[in-house]
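To keep things clear, I will list the structure first and then write my remarks on it.
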Amino acid sequence: MTGSVWAIVPAAGRGTRFGGAVPKQYLHAAGQPLMAYTLAALAAHPAVAGIVVAIAPDDADWPGWTAVHAKPLLTCVGGATRAASVLAGLLALPDGVRADDFVLVHDAARPNLALADLDRLLEIGRGDPVGAILAAPVRDTLKRAGDDGGIDGTEPRQRLWRALTPQLFRRHQLIRGLTEASAAGVDVTDEAMAIERLGLRPLLVEGAEDNFKVTTPADLARFEFELANRDRGGASREAERSAMPSAATSVFSGARSAASGSEEV
């Protein structure tokens, strides 16, 4: 299936698990905000028509970008939860996005997305009536903990996967899934969970293990290490990440650069 898709990036969260005054999506790696790499990676795919970023109502860190890779970059006010922010993004999509069009949702603090993974997700997901998510098979041994901190047992890891992003679903089905979950008081932790509650079965598309979410200082250090390797030409997947240069903000335009304050960045 061909055609363009829009992407939604929920970025209204405060990143409390990371700590600090600055939300994690705005923390800098190699001099640029994490979210700059995230948005640049999404917009680099030829099938992505534009991106809606859901930000906090009092967000003073948003750089004011209006385009990335010459594609429109819109904002809307997000909600108190991830699900509320994604729903706000779905409702803020341009009028030309139809109810049955596929839409991508990607974590703001997941900056290491490879173009090849996104390409595979779009190819497989748009060929399915429901959609698909990037995911990685669980490879570690899983232990079930007791209340006292002891091991109560070992869980079989066969057929278990870690959900990654982006996730790809039809706009109207995701709106329905998120709305019904909210009405039922269910806190869905990803978009696939909302779709599953409708009785639908998205596909799993294997993605790279290094498409990780930055949630701790160690994760940030790991991403900076990836960037340093890329600069030295030592990253094995550099060809797949050609749209994510170290100076990620060079592909942005808008009100100001988070790094330089310039009109074009």
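Backbone N, Cα and C atoms are what each Cβ position is placed from, and that goes for glycine too.
Quick look at what Swiss-Prot lists:
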SITE      Arg17  site 'Transition state stabilizer'
SITE      Lys24  site 'Transition state stabilizer'
SITE      Arg157  site 'Positions MEP for the nucleophilic attack'
SITE      Lys213  site 'Positions MEP for the nucleophilic attack'
REGION    231-265  region 'Disordered'
COMPBIAS  231-241  compositional bias 'Basic and acidic residues'
COMPBIAS  253-265  compositional bias 'Low complexity'
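A map of Swiss-Prot features onto the structure.
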residue	record	Cβ neighbours (10 Å)
Lys24	site 'Transition state stabilizer'	26
Arg157	site 'Positions MEP for the nucleophilic attack'	13
Lys213	site 'Positions MEP for the nucleophilic attack'	15
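Lys24 (site 'Transition state stabilizer') falls within a helical segment according to DSSP.
Classification of Lys213 (site 'Positions MEP for the nucleophilic attack') by DSSP places it in coil, neither helical nor stranded.
Taking the Cα atom of each, Arg157 (site 'Positions MEP for the nucleophilic attack') and Lys24 (site 'Transition state stabilizer') are about 31 angstrom apart. Cα spacing between Lys213 (site 'Positions MEP for the nucleophilic attack') and Lys24 (site 'Transition state stabilizer'): 10 Å, rounded to the nearest whole number.
DSSP gives Arg157 (site 'Positions MEP for the nucleophilic attack') a coil state; it is part of no helix or strand.
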